[in-house]
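A quick write-up on the structure given underneath.
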Amino acid sequence: MSTTEPNLSISNPHPEDTDVIQKVALVVACFGVLILLAAWANVALDAAIFMPIAIISMIGGTTVYGARSYLKQPEGIKNNGVWHFSLTSRGAFAWAVGILLTGFYILLYWFPGYVGFVQSGENQGLVALFDPLSMAIKGRPASQWFMYGTLYTIAILALGMKFIFKYRHNRYQLIRTISVMIAQLVFAYTIPEILAALNYNDVTTTAGEYAGYYDADIKNVWPLDYDFFYSYHLDAMQEEAYQPVGMIYLIAGMALFLVGTPVLTYLIGKRWYCSWVCGCGGLAETAGDPFRHLSSKKLGAWKLERWLIHSVMIFVFVMTAVTLYGYFTGTSSVFGLDIYSKFQKPYGFFIGAIFSGIIGVGFYPMLGNRVWCRFGCPMAGYMGIIQRFKSKFRITTNGGQCISCGNCSTYCEQGIDVRAYAQKGQNIVRASCVGCGVCSAVCPRGVLKLENGPEEKRYDLPPIIIGNESVKISD
Amino acid sequence: MHNIVIIGNGISGITTARHVRKLSDHKITVISAETDHFFSRTALMYIYMGHMKYEHTKPYEDWFWEKNRIDLKRAFVEKVDTDGKTLHFSDGETMGYDKLVIATGSKPNKFGWPGQDLEGVQGLYSYQDLETMEANTKNLSRAVIVGGGLIGIEMAEMLRSRNIPVTFLVREESFWDNVLPYGESQMINRHIKEHHIDLRLATELKEIISDENGRVKAVITGTGETIQCEFVGLTVGVSPNIGLLKGSGIETKRGVLVDPFLKTNIDNVYALGDCAEFLEPNGERKSIEQVWYTGRMMGEALARTLCDKPTKYEPGHWFNSAKFLDIEYQTYGWVWAKAKDNENDFYWEHKNGKICLRLRWEKSTGKLLGVNNLGFRLRHHAFDKWFKEGRTVDYVLEHLKDANFDPELYKTYEAEIIAQFNRENGKNIQLKKKSWKRILDFVS
């Protein structure tokens, strides 16, 4: 098939369709990004003025652009040109964005100095731009992680707004997207910063003594939050100065893993987490939405997925068991192996940084938006086992209505060959399904429905597809 | 072990092949001149619109065929010699068979309009048509589509996805009104216009005008109006693609004539799908069924016959679906464009003008005969079961929540529908809560 001329836009291939408001909104959003780049390049900007301008421009510009682009079209599925645009079909633009994102993560993780973080002394560059916000919230300069958390939240909010306009006809998508936006803004971003501001976390006393830090994003559950049981983390949650908040986080963290997760996953599937509240999922469903069709649907990819995700799960279980052993016995090695250098450090480096960050997000434009969630995330792996074997959740198929067109499989970010089930009239019960609901949305014949129902007959393969009386079940 | 050769790798031929393999060890060869592998014809439009690439329209990965010992041959069958049980290909090669299956599908209709073979004038059925359309629709100032059916509206949507101005000539008074009743048809008319498609109802094509290079430059309508355009889509239906059977002795009329077992007049030669014409139509069904689902069902039946379990093609209750731009359409049972004398009719439309439900039932018994739903989804299993059990319209409305198939969290319309039904029919039907027990019973 000959392709059409490459195009650099995400949502609109036809410049004649871009009106003045859209163009202005786009310029405004780009201006916000330009401020970030200028700050990064150490252009002398008054951060107190330019940081709010940047944030408002990026969120406001993207929102207006999304609203204008989608609201002037009739509501419906908006996938026109997805495989024609450079950015969304692994073209040159996609490579550029992928390299930029990957580079950003490498600097963030290992060379924070290059994004402007200064350990002792005044921040520079990009990190310095966020100093006023950090000062305003908790009275101390920004770290590279504060900068990253802020940008991450902006990405989910701005591109979440775009997604809302794109799917305004679909109430499931609407409510789900509002949920991931609130989860990020409130639970992952605001509450932790407020707790720090109220001296319930990350406190250095006037005497200069550091009281410790714990992850105050309550929904960031172990094993996704792999350092939950690290001694510094357990100690911080038990730190006297942080009570009762610290203990609440300790108890809630364990209860969510042991009780909340299995119960909720049994009742409604792992989607309660993966596509409704999770931060990684939140970014994937908003900023990552234009790349969801890039996941591989090959059988080989599914095989790889099962090996990889369960290997990571075993890795995190072993690493955590060893960590707890060390914590309670007070030793730093097990069987002669150093717990930090042989377990924690490799997990943090290979899984925490390279897999979830660099490959997980940096490779969005190449491998799709859910590489980490599908191949790596141990939390997803844990819930996947529950969802596959003991859950009420399934995607019901609608009798004989499937026409095997392939939209469902193509737009499945988890690379599930949804069509393979739909065309047999079989429900989709798969460990990896995050319940985003896009297969159901893009189906042109009303074949797919995510729902929670009795476990009975949940994944029966019907002997025949209904509508055909030629073939009797009895013979 | 027989040597089964299937001409055509569409849904009919491939379903036959797959089910023969499930049931037997026969040698299976599938021949196609169109593509190396089976793809979903209904998805061609999405390739043009950039929703998918060709590879995504293939329901099975390429290794599937070898693994299941289904031989694929890319060739064009020019002649069928039923006496010698041999196929003659366009490159001079031949191939023998024990049992032959003709699943050659359709070709677009052309009704002898002046200029219908000009460059830039085409139908849309095959993968090659799509490639031609890709080449034919560069730098257009306007496209004209002739024929108000399913392919016509798809072609309009395809062209609009690239912002090409489209004039849509529909001979009928209203879009697809030989199938859709008034309300549904009017709804789609409005939706077509909402997509900035220049819809011309009750307008016929008279002539296609050529430029100096033999390319279309305009059309003239029945009213004498000239519309400048560089592309004309002819979407006035399709006919069985059976040219290869000339002189084969296989009886044909419009399609290949078959009995209920999908057997032709010649032993060991069968036909199914779009290209088959039933000597005796099935109930209310047409003698030629050009639908994805019927092709699939014929394949499921024929595979059994080929494996020595003679099986009639006995389709169950009619169902179909389509999507008109953004509005989904499903139908179960029979809903004729106009209610028959023995039928009652009910039509509900949401105030947004994009969602509706139509019911037809027998006056004397109250038994439900058919349903059209646009803009929302209904469960196939529910209606299939209700038709089999001969449920009345009252029963169906009472249990309508069980049939709702819209995504979770969607607003529901059952209460509004039933209130209107009660008002119009002097009834007092009470809506029952959704019951999983009943829903699971549909499936058993």
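Cβ coordinates are placed from backbone N, Cα and C, and glycine is handled just like the others.
As recorded in TrEMBL:
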TRANSMEM  A:20-41  transmembrane segment
TRANSMEM  A:47-71  transmembrane segment
TRANSMEM  A:92-111  transmembrane segment
TRANSMEM  A:145-165  transmembrane segment
TRANSMEM  A:177-198  transmembrane segment
TRANSMEM  A:247-268  transmembrane segment
TRANSMEM  A:307-327  transmembrane segment
TRANSMEM  A:347-367  transmembrane segment
DOMAIN    A:393-421  domain '4Fe-4S ferredoxin-type'
DOMAIN    A:424-453  domain '4Fe-4S ferredoxin-type'
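Here the listed stretches are A:20-41, A:47-71, A:92-111, A:145-165, A:177-198, and the one with the most C-beta pairs under 8 angstroms to the transmembrane segment (A:347-367) is A:92-111. In terms of C-beta pairs under 8 Å, the stretch of A:47-71, A:92-111, A:177-198 lying closest in packing to the transmembrane segment (A:145-165) is A:47-71. Taking Cβ pairs closer than 8 Å, the transmembrane segment (A:307-327) reaches residues 222-223, 226, 229-231, 234, 333-334, 339, 343-344, 347, 351, 355, 374-378, 380-382, 384, 432 in its own chain, all 6 or more past its ends. The stretch from A:47-71, A:92-111, A:177-198 with the most CB pairs below 8 A to the transmembrane segment (A:20-41) is A:47-71.
Counting only same-chain residues 6+ beyond the ends of the transmembrane segment (A:177-198), those with a CB under 8 A from a CB of the stretch are 137-139, 146, 149-150, 152-153, 156-157, 160, 163-164, 167, 215-220, 245, 275-279, 281-282, 285-286. Mean model confidence for the domain '4Fe-4S ferredoxin-type' (A:424-453) is a pLDDT of 97. With DSSP classes pooled into helix, strand and coil, the tally for the domain '4Fe-4S ferredoxin-type' (A:393-421) is 8 helix, 5 strand, 16 coil. In terms of DSSP secondary structure, the domain '4Fe-4S ferredoxin-type' (A:424-453) contains 5 helix, 6 strand, 19 coil.
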